[in-house]
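As recorded in Swiss-Prot:
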ACT_SITE  Ser25  active site, schiff-base intermediate with substrate
ACT_SITE  Tyr58  active site, proton donor
BINDING   Thr57, Gly73, Ala74, Ala75  substrate binding site
MOD_RES   Ser25  pyruvic acid (Ser)
Amino acid sequence: MHAIMLKAKLHRAEVTHAVLDYEGSCAIDGEWLDLSGIREYEQIQIYNVDNGERFTTYAIRGEEGSRMISVNGAAAHKAKVGDRVIICAYAHYSEAELVNFKPRMLYMAPGNELSRASNAIPVQLA
């Protein structure tokens with residue numbers, strides 16, 4: 001049996017560019033790709049915190065250190081500069097792989113400052 005699990009997440013990153021006339025994709029600061037484990041051309045889901053839009057695209061490498069989140073092509077209709085987004089990548093894992101499974105999550109502060117990294121989400125309290 002396989003399970004589809006959250007592999008990586010960039011939490012509340014701010015969109016820095018929305019470029020309609022660009023080949024579709026989402027450019028992400030290369031340092032964040034490396035830290036999160038998201039691969040270039042990997043399918044990603046983007047959840048727009050500000051307008052509720054949810055869409056699928058793929059990651060491309062943005063300039064390292066740029067703090068870039070550029071939503072490109074048709075996806076530029078789903079997010080505008082300044083919107084806060086959650087970017088997730090998922091993967092299939094076998095039962096054996098799940099024994100040591102931990103996602104990589106990067107949490108962003110305003111201005112796309114990396115505030116912390118984690119591999120677990122705290123239990124939500126009632």
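Don't overthink the numbers, they just go from 1 along the chain as shown.
From the backbone N, Cα and C atoms, a Cβ is placed for every residue, glycine too.
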Cα-nearest neighbour of the residue listed as 'active site, proton donor' within the listed recorded positions, Ser25, Gly73, Ala74, Ala75: Ser25
Cβ-Cβ distance under 8 Å to Gly73 (substrate binding site), same chain, at least six residues away: Val19, Leu20, Tyr22, Glu23, Gly24, Ser25, Thr57
Other same-chain residues whose Cβ falls within 8 Å of the Cβ centroid of Thr57, Gly73, Ala74, Ala75, the recorded substrate site, in sequence order: Gly24, Ser25, Cys26, Phe55, Val71, Asn72, Ala76, His77, Lys78
Listed in sequence order, residues with CB under 8 A of Ala74 (substrate binding site) and six or more positions away: Leu20, Gly24
Intrachain C-beta neighbours of Ala75 (substrate binding site), sequence separation six or more, cut-off 8 angstroms: Gly24, Ser25, Cys26, Ile46, Phe55, Thr57
Count of other CB atoms lying within 10 Å of the CB belonging to the residue listed as 'active site, proton donor': 16
